[in-house]
Amino acid sequence: SVTIDYDKCKGPECAECVNACPMEVFEIQGDKVVVAKEDDCTFCMVCVDVCPTDAITVKE
């Protein structure tokens, strides 16, 4: 599963995860980054590595 802690996430002003994810799991919807295609996640952890606020949790 891929979860975003919205208390930590800076949303579209950051969007590092959106840009970094090779599977395009994340997308911007309004003022939030959302997990749009969780089933496409390959657990590569790039999103976790690039997130400056540690807002993303990935569990197989």
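Glycine is treated like the rest: Cβ placed from N, Cα and C.
Listed in Swiss-Prot for this protein:
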- Cys9, Cys14, Cys17, Cys51: [4Fe-4S] cluster 1 binding site (BINDING)
- Cys21, Cys41, Cys44, Cys47: [4Fe-4S] cluster 2 binding site (BINDING)
- 2-30: domain '4Fe-4S ferredoxin-type 1' (DOMAIN)
- 31-60: domain '4Fe-4S ferredoxin-type 2' (DOMAIN)
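Everything Swiss-Prot records as a feature, shown here on the structure.
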residue	record	Cβ contacts under 8 Å, 6 or more apart
Cys9	[4Fe-4S] cluster 1 binding site	Lys32, Val33, Thr53, Ala55, Ile56
Cys14	[4Fe-4S] cluster 1 binding site	Val33, Pro52, Thr53
Cys17	[4Fe-4S] cluster 1 binding site	Phe26, Val33, Cys47, Val50, Cys51, Ile56
Cys21	[4Fe-4S] cluster 2 binding site	Val46, Cys47
Cys41	[4Fe-4S] cluster 2 binding site	Val2, Met23, Val25, Val58
Cys44	[4Fe-4S] cluster 2 binding site	Pro22, Met23
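With all protein chains in the displayed structure included, the most crowded Cβ environment within 10 Å among the binding-site residues Cys47, Cys51 is that of Cys47. Taking the mean position of the Cβ atoms of Cys21, Cys41, Cys44, Cys47 as the [4Fe-4S] cluster 2 site, the remaining residues of that chain whose Cβ falls within 8 Å of it are Val2, Cys17, Ala20, Pro22, Met23, Val25, Phe26, Thr42, Phe43, Met45, Val46, Val48, Val58.
Other than the site residues Cys9, Cys14, Cys17, Cys51, same-chain residues with C-beta atoms no more than 8 angstroms from the centre of those residues' C-beta atoms, the [4Fe-4S] cluster 1 site, are Ile4, Lys10, Gly11, Ala15, Glu16, Val18, Val33, Cys47, Val50, Pro52, Thr53, Ala55, Ile56.
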